[in-house]
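Enquirer: Please find one structure pasted underneath; my questions will follow.
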């Protein structure tokens with residue numbers, strides 16, 4: 001068919017709409033409704049339960065900002081866990097750090113991995129790397145069963161509906177603290193401040209009760225609601241604002257820079273207010 | 001009517017869509033197609049030629065960031081000119097600076113002023129202030145006829161189509177340089193880096209040929225294309241990155257902070273590349 005437009009209602013009363021070249025795949029998996037489409041503006045795009053997950057054109061922002069901020073904050077990140085992130089984009093960025101010896105990906109939905117490999121190869125291509133251990137499993141349970149194991153944990157989840165509901169709870173953050181080594185650090189995507197202010201405030205409050213260093217940073221993701229995305233860091237020791245200049249090394253990126261690493265924590269006033 | 005959605009095609013293949021409570025006014029003025037509507041998500045909203053200009057809910061970002069960055073950069077901004085900006089939002093922010101003795105607004109379209117006063121009163125309300133001189137006139141010609149007159153000029157234009165085409169030319173920037181005093185500074189909104197990279201690159205190149213200090217900064221505006229908006233500064237002397245701590249004074253804002261003033265110039269790599 002021609003003339004198709006895909007509209008994501010980001011709230012009850014607002015959304016984005018994009019012209020579709022062709023539908024590539026649709027499937028009700030065991031966990032969510034998966035759609036893959038080729039769009040005119042953003043290239044191939046993955047939707048879960050009607051929400052944009054990633055697109056070929058703007059995926060670099062999210063994946064770079066999830067991975068590089070905590071990885072440059074930790075002085076020697078050897079073991080990394082990615083919860084969710086079945087498209088493989090975060091893993092691709094993680095592998096740019098030579099210190100990383102092993103990166104484990106735990107996504108609950110094997111179909112996301114399967115169709116990302118097929119239709120988003122430049123995003124998912126590094127899932128086959130020898131440093132990567134891919135597991136189709138429940139991230140919440142994986143965390144619950146891990147102890148003192150990871151230097152860095154990255155929570156690359158969907159919104160807190162459907163399979164990701166557990167990943168926005170205080171119990172989950174406590175599990176992460178246990179799964180991390182003594183100087184470990186975690187990051188989670190925590191939605192946007194325009195429509196989900198209460199969620200951000202709640203996550204900040206919960207994480208602060210468990211981690212001595214709690215921070216919020218932002219990035220511009222044009223296909224996500226409001227274009228302004230937040231990421232919450234909980235760290236046992238290392239502060240992303242105190243990274244020494246010689247810790248950074250050259251890395252091939254399109255969004256992240258070492259200057260932006262620190263600037264991304266400087267928040268608009270109405271966002272800063274959510275952290276206080 | 002109920003069930004109406006307004007869709008702005010921000011590119012040929014991508015747009016935003018929002019539910020409308022009611023249409024408040026539509027009119028083909030002498031210069032552009034003006035629409036005012038009450039939306040469910042963003043409050044009252046002004047559209048010109050089908051493009052979102054401002055909304056009650058997110059207008060503070062644009063207006064604060066246009067006004068406060070150059071005004072805190074200049075050590076004593078007494079005379080200010082706003083070109084365009086008939087909704088009055090930039091003027092409202094300008095007046096928060098006690099140094100400002102006179103603020104002149106020149107908008108080519110009196111209808112924008114008229115209907116902003118009617119439907120966007122908390123944005124346009126300060127246009128009646130005694131420090132403000134409102135003129136319905138051609139901003140390009142006003143600039144051409146001014147010499148050594150302003151400390152700060154702010155170009156709050158529409159996109160470079162229709163009446164604003166002249167406001168994105170090198171001749172206009174040369175006129176601004178002449179209209180500014182010897183240590184004057186100007187700022188212009190310069191669209192977004194995702195869909196208008198060529199425009200930003202071109203403006204940077206043109207402004208650099210005329211102003212010794214040329215800078216680019218960004219802000220998140222959720223109702224504008226991509227959510228990431230850029231502003232170009234051209235300055236004869238004062239550098240927005242070198243503002244001394246004691247220049248800042250407390251100001252009532254929802255987006256701008258003195259920390260964000262400097263951080264907003266730290267650009268994502270693909271945006272920074274447009275300035276080099």
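Here the Cβ of each residue, glycine as well, is placed from N, Cα and C on the backbone.
Because TrEMBL annotations are produced automatically, they should be read as predictions rather than curated entries.
On a predicted model such as this, the values are computed, not experimentally measured, just so you know.
When I checked TrEMBL for this same protein, it listed these features:
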{"type": "ACT_SITE", "residues": "A:156", "note": "active site, proton acceptor"}
{"type": "BINDING", "residues": "A:32, A:107, A:138, A:139, A:163", "note": "S-methyl-5'-thioadenosine binding site"}
{"type": "BINDING", "residues": "A:63, A:87, A:156, A:157, A:158, A:159", "note": "spermidine binding site"}
{"type": "DOMAIN", "residues": "A:3-236", "note": "domain 'PABS'"}
Enquirer: Tell me, roughly as an integer, the mean pLDDT over the domain 'PABS' (A:3-236).
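Expert: A mean pLDDT of 96 is what the model gives the domain 'PABS' (A:3-236).
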Enquirer: If you draw a 10 Å sphere around the Cβ of residue A:87 (spermidine binding site), how many other Cβ atoms fall inside it, taking every protein chain shown into account?
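Expert: Its Cβ has 27 other Cβ atoms within 10 Å.
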Enquirer: To the nearest whole angstrom, what is the C-alpha distance linking residue A:87 (spermidine binding site) and residue A:139 (S-methyl-5'-thioadenosine binding site)?
Expert: 15
Enquirer: Given the binding-site residues A:32, A:107, A:138, A:139, state which is nearest to residue A:159 (spermidine binding site) when distance is taken between Cα atoms.
Expert: A:32
Enquirer: Neighbour count first, Cβ atoms within 10 Å, every protein chain included; then name which of A:139, A:163 tops the list of binding-site residues.
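Expert: Neighbour-count leader: A:139.
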Enquirer: If you measure from the C-alpha of the residue listed as 'active site, proton acceptor', which of the binding-site residues A:32, A:63, A:163 fall inside 10 Å?
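Expert: So the list reads A:63.
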Enquirer: For residue A:63 (spermidine binding site), just count the other CB atoms lying within 10 A of its CB, please.
Expert: 24
Enquirer: Please report the Cα separation of residue A:32 (S-methyl-5'-thioadenosine binding site) and residue A:63 (spermidine binding site) in Å, rounded to an integer.
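Expert: It is 22 Å, counting Cα to Cα.
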Enquirer: What binding-site residues in the list A:63, A:157, A:158 lie within 10 angstroms of residue A:107 (S-methyl-5'-thioadenosine binding site), counting C-alpha atoms?
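Expert: Qualifying among A:63, A:157, A:158: A:157.
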Enquirer: Near residue A:107 (S-methyl-5'-thioadenosine binding site), how many other Cβ atoms are within 10 Å of its Cβ?
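Expert: Total other Cβ atoms inside 10 Å, all chains included: 26.
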Enquirer: Within 10 Å of the Cβ of the residue listed as 'active site, proton acceptor', how many other Cβ atoms can you find? Include all protein chains, please.
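Expert: Excluding its own Cβ, the number within 10 Å is 27.
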Enquirer: State the three-class DSSP label for residue A:163 (S-methyl-5'-thioadenosine binding site), counting H, G and I as helix, E and B as strand, and everything else as coil.
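Expert: Reduced to three states, the DSSP call for residue A:163 (S-methyl-5'-thioadenosine binding site) is helix.
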Enquirer: Round to the nearest Å and give the CA-to-CA distance linking residue A:139 (S-methyl-5'-thioadenosine binding site) with residue A:157 (spermidine binding site).
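Expert: Cα to Cα, residue A:139 (S-methyl-5'-thioadenosine binding site) and residue A:157 (spermidine binding site) are separated by 10 Å.
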Enquirer: What whole-number distance in angstrom separates the two most remote CA atoms of the spermidine-binding residues A:63, A:87, A:156, A:157, A:158, A:159?
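Expert: For the residues that bind spermidine, the greatest Cα distance is 16 Å.
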Enquirer: Cα-Cα, whole number of Å: residue A:138 (S-methyl-5'-thioadenosine binding site) versus residue A:63 (spermidine binding site)?
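Expert: Between the alpha carbons of residue A:138 (S-methyl-5'-thioadenosine binding site) and residue A:63 (spermidine binding site) there are 21 Å.
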Enquirer: Name the residue among the binding-site residues A:157, A:158 whose Cβ has the smallest number of other Cβ atoms within 10 Å.
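Expert: Among the binding-site residues A:157, A:158, the sparsest Cβ neighbourhood within 10 Å belongs to A:158.
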